[in-house]
C-alpha cells in the first residue's frame, strides 16, 4: 500500500521558506536604475542567486536580452540615440514584454521576487513600472547604482561588455568606443531617483561600488534582507577555497556523521593542504573550520590561525548519526526512501535537512561576501550548500553535487559568475558520494536501495 | 553578554582598516611551519563547551579561537550625533543591549550623566547657552572624563564596543573624538539622528525628558518649555555629518526615525551588523507576548527535551490562551511557534494563522534528551556538575549551550524588532534567551530566569526600556525550574546535585 508521499513534510504545513518568514503575499519587483556599465546586471544576477539560495523564488528579467531577441543584429550605439524613434518603439515594446513576463512569473510560476534589470533612467519609465506594479498589487523596491569613477566603468566594460553578444564581432577598441557612446545616449536624459520628489518610494542608492548607500522606506522583511545583502557584497578580487576535512575514521567505515578524528590518509591530506595553501601565496588568508574534530585537526596542520564556526558543522543526521547506509536501510527503510525522494527537504528524525543547513549557513555566506581570501574547511553536505550558492545550483541538484574528499575547490568571481578550479591533492580517500538510486519507492527492496552506496570497510 | 573568556582570546590579528597593508596570515609558531605540518598538535575537547582545542604537555593551548562576532583586536567607538530629543540615548541603550546579548561586550557612556554628577543641580537651559563659558568648560571636562572611562573600558576592562552618547553636534568636538580614537587605536563609527518632525520631538520629550533628574521639580509645561530652549542652544552651532567633508568617516545617518538612512564606509563585520540592526528597529507602539507551550507529557514526567504532545492541562492552557488573546483585542497579531509538536498544538487552539520557526526549537540536550535530572546525575554526573558551574556556556554532549541558543535566536530577535504585535509560543530555555534580550539580563542571570508554564509575559517598550506584565492563566502545571544548587563541585554527592530538582511524577 502506498503511503502518502508527503508524510515527511508533516510539520511543514505553515513552514517558512528556508529562512524568510512569509509575512506578505505581495510579490516584490526589484527595479534596477542606472547608466550602462554601473553594475546593474552584476547586482541583479547576484541578488537573484542569493534570494533563490535562501529559498525565495526569484527570477531576473534583463530587458537587454529582450532587445537582442527583437533586433537580431546589433549594429552600433545609434540604436540607443534618444531621437531614434523606431528604436524607441522597439525598446518600449521590449520593456512591456518583460513586464508581462514578470506578471506571468508571479501568477503562474509562484515567483516571489522579480528583478527587473534595465537602465530605467527616466522618471517616465519608472512611472510606467510603478503604475504597472500598483495595478497588479506588487511591491516595488528600486536599486540605483551611481558611479562616476572612469576606471571602474572602464573595468566593467572590459569584464562584461566585451563578452556580450552585442560585441562578438568587434575588436576591443571598437567595442569600447561604441559602448562609451552608448552610455552618452542615456546620460542626457538620466534622472536619478530624487530624494525629494521620490521620497515616498522604497529604494537603495549605491554610490561608488558601495562606499556609500542611501536607503529610503524599507517596507518589509525581504527588502531589509536585500539591503543588508547589497551592503555586504564587494567587487575586490579574491578567491574562496572550499575543502572538506581530511578522510576521517568514520569515513573509512562508511558511517555518516559523528565526531571522529582523521585517518592516517586524512592526516596526510592535511599536510598536503598546508603545502598547497603555501604554494598559492595567498594574501591575508582567513581559515574557517567547524567545531568538529576532523576539520579542526585538518586546520591544525596548516600552522596558521583559524576560526571555528558551529554553523559549519556537518548536517545533523539525528537518529541516523554514525550509522552506515546499510544500517539505515535495515532500521529505517521508509526514512531512507523518503530521503531519496526529496533529498533537499528531507529532515532526519531528530536531525536536519539540507534546507535547514542552508538556513544555518546564511551568516557564513554573508561573512564570505564581506571577506576577501578565505579557506573554508568543512563537510560534505555543508560544502554542497556553499557550492550551490556560488555556482547557482537549484535545490534539486544541491544534495548531489560532487564534493570528494582530499580535493580543494578554488572559486574566483569573474564577470557575472564564478570560476571553479578543482585541485585533487593526490592522497587517496574513500568515496563518500551516494548517487540517487533508480528506485526511490518505499516498496523497493534493500538491494535497490543500497545500489549506489560507495564501498567502505 | 558582559564577559570575556580568556580561553578564547584572539592573538595578533591585524584589524581590517582600509589602509592596512595586506599581511600574510600570522602563524603562532613563526619559523616552525614545516614542523607543524609534519607534527600536528594533539586536540582535546574542552569539557564545558565541547570545543576541540590543541594542547601541549597536557595543557590546552590558548591559541585557537571560536567564532565570535568581533574578530578583531580593534575596539570600536560608536559616537552618537544629534540635537537633543532625537533619540540618541534610546538608540545607544538599545544598541548596547543588543550587542551585549549577541556576545559583544559593550557599554554606553552618557555624557549628560557625567554632567549631572558634576553639576549637582540643574537650574535651567541657560547652562547650555553657547556663550556660557563656565558651562562650556564643565561640559568639555565631562566629555573628557567620559572618554577617559571609554579608554579604560576598551583597553583594560575587556570591552569591545563603547557607545559615546552625547550631542557631538560640532565638527570640532567630533575631531577631538577622532584624535582620541586614533591615539588609542579605536575604530570610530558615527550614528547621527536627524529629525525635524515636531510631533516626534514632542513625543520624545514627553516620554523621556520629563522623567529626567533635570526636571524632577518642574511641572510638565515648564519642563517642555525649558527643554525646547535647550535644543535651541545647540541649533546654531549644529554641523551635521556632511556627505563631502566627512566622506572618509564611517557613519550612518538616520533620518526621520528610520524612514531614510545614509550609510558611509562600513569598515567591518561589527559595523555591518550595527547598521543592519539600526535599520530594523522602530518606535511604533506595540506589544510582544511570550509564553511557553502548554504543559507537555514529558514535562509532567520530569523529563527534558523530546517532542511530546500536550497534557490535558496543557490543552486547557491553550484554550485559555485563545480567550486571553481575543480579550487583548490586538490588532494584526502575528503568531510564531517552534517546529515542535507542543508549541504547534498550543497555537492550533488559537485558530489563527501561525508561522513555524525551526530556530525557536528548545535547546538540544544531546545525549540527555528525554532524561530526567535524576538520570542525568546517574549517568553523567560530571556533565551535570559542569552545567551547574556555568549554565550559560555549558554545551550538552552532542547538543547545545545557551550561548549557542542565543546565536540561533538572533534572526528571531531581528524579526521581532521589525514586527509590531507578536505572540511567540516557545520553550523554557528559548524564552529565557528572548526575555534576557528584552530585559537586558546578563549571561549569568539568563539561564535562571523564571519562565513558568501557563504564564504569558506581555512586553511593552516604554521610554528607554521594557514594561513586563506577567499574566498567569490560572491553569495548574508542573514546575520545571531548577535552581542552581549550592554545591556545583564535580565531587558532590547525588543528593546535593538533585537538591533543587522540582517534583514530578
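Cβ atoms are placed via backbone N, Cα and C, with glycine included.
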Of the candidates B:260, B:265, B:342, the one that TrEMBL places in the substrate site of B:292, B:293, B:294, B:295, B:296, B:297, B:298, B:299: B:342
Among ranges B:1-43, B:44-86, whichever one TrEMBL labels region 'Disordered': B:1-43
C-alpha spacing of residue B:362 (active site, proton donor/acceptor) relative to residue B:292 (substrate binding site), in angstrom: 10
Substrate site, defined by B:292, B:293, B:294, B:295, B:296, B:297, B:298, B:299, B:342: further same-chain residues with Cβ within 8 Å of the Cβ centre: B:308, B:309, B:310, B:311, B:314, B:453
Sparsest-packed of the listed binding-site residues (B:294, B:298) - C-beta count within 10 angstroms: B:298
Per DSSP, three-state class assigned to residue B:296 (substrate binding site): strand
Site diameter for substrate, Å, by largest Cα distance between B:292, B:293, B:294, B:295, B:296, B:297, B:298, B:299, B:342: 14
Integer Cα-Cα distance in angstrom, residue B:298 (substrate binding site) to residue B:362 (active site, proton donor/acceptor): 13
Cα separation, residue B:362 (active site, proton donor/acceptor) to residue B:294 (substrate binding site) (Å, whole number): 14
Arithmetic mean of per-residue pLDDT over the domain '6-phosphofructo-2-kinase' (B:71-285): 94
Inter-residue C-alpha distance, residue B:296 (substrate binding site) and residue B:362 (active site, proton donor/acceptor) (nearest angstrom): 13
Residue pair residue B:342 (substrate binding site), residue B:293 (active site, tele-phosphohistidine intermediate) - Cα distance, angstrom, rounded: 6
